[in-house]
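K.L.:
Pulled these from TrEMBL:
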- 329, 368, 420: Mg(2+) 1 binding site (BINDING)
- 354, 355, 368, 420, 421: Mg(2+) 2 binding site (BINDING)
- 744, 779, 885, 929, 978, 1013, 1018: substrate binding site (BINDING)
- 190-217: region 'Disordered' (REGION)
- 236-260: region 'Disordered' (REGION)
């Protein structure tokens, strides 16, 4: 039997009785790379630690607030987007200033944080920054054990102090209870509906922590005592960093990497002197007392004092419970938002969120805080205190310490206490005795109505919320639950729809079902002492459920991925059947011909007949193609001709049967094949388009005089083999486009598209000009800094300031965008611009289009020598939009699954994506891609190549269904969709493009009835960032070259080759030049690359193609079982699979079973020798200050126009107008941050997932 009574902690570190270690884990501000920190928080939990996981993109304010409110022992933060010097120093300073000096700060960032910076940060007070070398030396568990050991030592030392501070804490709480706040003025609106600590006042100015920042000086070294007490934050044991696109790159290191730093912006100890915030002080004392209660360190006399305080005030308590996965945390957050809005942010609210402990390890994942967007400071000081609690030794959904914690919260003087329990089963109702009102949260999927009779909480709950009311069967569920509650209460005098049962969609911003629930809950709580007031939200007296339940993908189409899989399977089966028919007919026809030859031989003489027969047989090679058409015509003639007085032979009948079984489309393919062979057999291919001929050379002559064909044809004789190949492979440019979507590559334009982005727009503009120098085609690809990627703008606050212009270019205004592309004609046919941005993509795209339009207007005005008329201005706008070429990434589904730069709610983001595409249709934007459906970032997050391809194509089909549901025609929008894949070292990458093109083409034609242009999947490839390593860094170019080679062999439409030093820094000019040279050498020097279909005809390529295709279709079926892409996202299916695959890679890399040359095998014989210094590209202080000044100048110039423009934008969202069309005007007078925050107010903010 298994003993469940004692936790078996993996770490084995001794702690004082009743003591558990608590860690806050997060990824740094504007950093979406959470794969590593997720691995670390899992190992922490398995090692017996209670983990409060905040997820990605967390500011110093958020991390420090969470650590203080949760009374954490350590903080672990991963940082891969630069700005780590400012971030970690600011975090240490903020914790010290707010009484968290004992909280240890741990960090990691792979090769991004170089040894010299690690040493500086640890001297400043960061407990430990783990380098790739540490990861290689200690391993994953070893690093976790080191963190736990350091914190456990502090815990033991604190417990050994004879004088307990608890009495002092109780005295502080008694003397400094929470104040009573007055409501805000009615005109004061919430400017930031989340816990991001980037709140801005109505003028758009960022609220900053008090204190000056001197970012040009190196801070003073912290004392030994300060270092010992420093607080802690994070980890990436795998050692990953980012390239200029903001993607994770493996940088595991076994050697100390040193670097020369062009500019390291570091800061003195920040003056964190703040205005006294009595609420925040009370919250800190409360956090410490809760920990003391949990550890049994509160004396009876002290408990008595607290009980008296608690009894002196009536504080209502709302209990929220329900099944696991019902959305309790999201609903709790939405209720808190409404309490704050309705009361003008006058209430102080305590939130106690309980999650289960793991019996085996004693650890716990306290995951409710990650879902909270409404608990932060809205600008007037702290209002919401949140404590995540583990059940520990309790056997129910609440912790044994809950009564004491409720006493503490009441003693502190909160206006409202909310308790959220862990997920419960049918027979649980433990929360009821401890609360005044209870809310039971469930979903529509509860099975048969008889199951409701078993749910204990339906007897006791004051209110029932059927959350996720947009799911199938929700109205029926509402009716059944209401009837059951009516029966349980015996309240038959009222109608079932009068029962306190509500249908809600907590995931939808401003959901009216949630508002209706809130208003009834608030009214009930007023009878238990909730302050009077409120009433700012419009009353919804008669509403009981969410209205407007329009799904992004209609319920009737939820099996769209299964339909696609079935369509592809059916097509493949048809190809096999038709190939067999064609083969048999060819065999029968050849047999009939040979019989005829034999008869002729007998009549005319053996010699002449034999010669004719041999000649026909020999024609199988060179003449097979010519004979194919004649055979078809002959077969048809034989099948249908009258034989006069002779009876039709059995052979003729069989030929007729096979001819009838051959499909019309397949017959035409075979008929056209001889002409295709002829067309490709000469020295020149000629195609007539309209009234002109296009001539393409078909051969390349080598130095040896050999003629290498650009497109090599198969030598098949068998008509079945010919037809099967034509149906499943075919030549480049022909359906199903397996070998490529165009017949030939462009002669004057290589597929090279190199990313650039660093510093301010002036610096990146210079890099663009360097990359395009001497190139006939200007193919620019823009990487934005992480501040821009998250829709924010430059600011002096240290955790923002440090990231401005690092790992990308800073763009905050239309003026920045004009500077960025100065000197490039954006409407020229040889110019193409790609922009890697997602969350704020609509705003950035509107800026870009305005630059193109303004260029066209200026050009036409110069030509005319006068200002343009209104008609001429309209014509200039049309011309610009119809001619501008490029791509914006804007793939919000991928962001939720892997990349994490979502900023708005998913529903709102998808709506605006549809608005962009509708605008493209309305304005004839045909040369610009409205989305780049990206698998690259899914791969960088850890997915293997099959998962990357499956999830990317599935996302593409989801956009198709969403746009069709909006009423758009498939051929109006499908040509505006593009794709973006990663290449790597695994064999499946070799056929990624082949599989993607074939599945897409078949589905578009066979399932959606799309035309040929829509059937062509065009994709960009970037070599793998994850395969770049900080150790043996020169080996990176070898890996990149191999990956570029298979991309070119597969006829990708554009290609980015990573620079070898992107494992550590933004690439330098020299490293970028080497990366470009890789492509040029392949395209211009490498012999086999002169042929444009080298993959065709390879047995292993064909086998891999079929294997990968089948694996992708199987994944489509698994997604379908989970409700399609959106349904799977709701349960975290894709993210979970990606993390599992990432963990497998990391483990196999660390144990050496996955060999990586120079990393875990073929190691240097001199590992301790210092490597050559690497220049680290950092934005300069001058560039940052320049951006701040330019931003302020722009805002000052348009201060009178901006408010009205922002109101117009918000009204467009509320009225469900085309938001992008309005953005085209708004970006002319509003900055990126102003627009983002305006959209937060009406579109909602992204809610993070675990």
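The backbone N, Cα and C atoms fix where each Cβ goes, and this holds for glycine too.
Tell me about the surroundings of these features in the structure.
P.N.:
Taken residue by residue with DSSP, residue 329 (Mg(2+) 1 binding site) is part of a helix. Long-range C-beta contacts of residue 329 (Mg(2+) 1 binding site), restricted to its own chain and to partners at least six residues apart, with a cutoff below 8 Å, comprise 353, 367, 368, 371, 372, 420.
Counting only residues at least six positions away in the same chain, the Cβ atoms of 364, 365, 366, 367, 368, 388, 389, 390, 391, 422 sit under 8 Å from the Cβ of residue 355 (Mg(2+) 2 binding site).
For residue 978 (substrate binding site), applying a Cβ distance below 8 Å and a minimum sequence separation of six or more within one chain yields 887, 929, 931, 932, 933, 1018, 1019, 1020, 1053.
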K.L.:
Please report how many Å separate the Cα atom of residue 744 (substrate binding site) from that of residue 421 (Mg(2+) 2 binding site), as a whole number.
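P.N.:
Here the two Cα atoms lie 62 Å apart.
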K.L.:
Please report the Cα separation of residue 1013 (substrate binding site) and residue 421 (Mg(2+) 2 binding site) in Å, rounded to an integer.
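P.N.:
Computed Cα spacing between residue 1013 (substrate binding site) and residue 421 (Mg(2+) 2 binding site) is 54 Å.
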K.L.:
In sequence order, which residues at least six apart in the same chain have a CB under 8 Å from the CB of residue 885 (substrate binding site)?
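P.N.:
Result: 829, 831, 832, 833, 927, 928.
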K.L.:
For Mg(2+) 2, what surrounds 354, 355, 368, 420, 421 with a Cβ no more than 8 Å from their Cβ centroid?
P.N.:
328, 329, 352, 353, 388, 389, 397, 419, 422
K.L.:
Using a 10 Å cut-off, grab the number of neighbouring Cβ atoms around the Cβ of residue 368 (Mg(2+) 1 binding site), all chains included.
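P.N.:
Around residue 368 (Mg(2+) 1 binding site), other Cβ atoms within 10 Å: 25.
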K.L.:
Using DSSP and collapsing to three states, where does residue 1013 (substrate binding site) fall: helix, strand or coil?
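P.N.:
The three-state answer is helix.
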K.L.:
Taking 10 A as the limit, how many CB atoms besides its own sit near the CB of residue 420 (Mg(2+) 1 binding site)?
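P.N.:
The answer is 27.
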K.L.:
What whole-number Å value do you get for the CA-CA distance of residue 421 (Mg(2+) 2 binding site) and residue 779 (substrate binding site)?
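P.N.:
So the Cα of residue 779 (substrate binding site) lies 54 Å away from that of residue 421 (Mg(2+) 2 binding site).
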K.L.:
Can you list the residues of the same chain, besides 329, 368, 420, whose Cβ falls within 8 Å of the Mg(2+) 1 site's Cβ centroid?
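P.N.:
Result: 320, 328, 332, 333, 351, 353, 355, 367, 369, 371, 372.
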K.L.:
Distance between residue 779 (substrate binding site) and residue 354 (Mg(2+) 2 binding site) at the Cα atoms, whole Å?
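P.N.:
So the alpha carbons of residue 779 (substrate binding site) and residue 354 (Mg(2+) 2 binding site) sit roughly 53 Å from each other.
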